[in-house]
């Protein structure tokens, strides 16, 4: 057939890679998409950079992590004595059917602006209650019917993300097809006697808060799932190279450096991290007799032996014998931030096969 032009080959290569990533088309995210700090922390953890976050538990059975911001048409719920409540709805329809969700967390940041009403040396606490809405409020019943999912006691000075397990609700919506009416997040303010006080806590965007600071602190729903391909996300143990002193032929089969730069293929607008990675490749001769370090099979040894007396039979080939995964943080077609483990992306060892 006719030779393909380089740009056609590149387009075909891009389509194959997108298919490998489970994407139907190349994502084209807007310039103002914000990557939640939690997702960056999770990526750093799984890329082997140590962190002091308890992120390991939820991700240990998952190979895909997705984050969702709530739909910002916030429904105010009537404030009762000493309580602040908000409804948060997260649209989860972009989770693929083949993905099995194993757990879900609701991340809330009751940040510094929340606590300005309190004296710095006082010992006030808030209780944060997370409810699933079973039936939304109606004209006749002003309050929604809810079910408590999680509750936690938070000191008013604690400026950190609070994570609540909302797995039962998300599984009901996704796996069992129940209607998703969202969550109610209720903050109960407790004074020194642990009775409810009327101090106000903000869990939604303030009137004058700029887009950038709000986007860093807005609530986040994080789902952990597995698409049935490859291994779960986990901290990658750095392999210790086995340095045995052995005589190697200069041209014998071995691993060579190969760095894949996502900038070169113009993908750095939707791949958040890493900017590229060391894929390596295998190249070199498989000479007769095959040395032990060439990591050969019995079949390769027999084939090489036959080749030494009959050159019509090809030599064994230098190929990857061990491959490892990489973690990638990227924006999908719906501008959702996804962390995923991709199998067989890095050559760890080569041999004659």
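Just so it is clear, glycine is given a Cβ too, placed from its N, Cα and C backbone atoms.
Range with Swiss-Prot annotation region 'Disordered', chosen from 228-248, 249-269, 270-290, 291-311, is 228-248. Each residue contributes its Cα atom, and for residue 253 (disulfide bond) and residue 91 (N-linked glycosylation site) these two points are 51 Å apart. Sequence-distant contacts of residue 286 (disulfide bond), defined as residues of its own chain at least six apart whose C-beta falls under 8 angstroms from its C-beta, comprise 252, 253, 294, 296, 300, 304, 315, 316, 317, 318, 352. The CA atom of residue 91 (N-linked glycosylation site) is located 50 Å away from the CA atom of residue 295 (N-linked glycosylation site). For residue 295 (N-linked glycosylation site), the same-chain residues lying six or more positions away in sequence with a CB closer than 8 A to its CB are 321, 349, 350, 351, 352.
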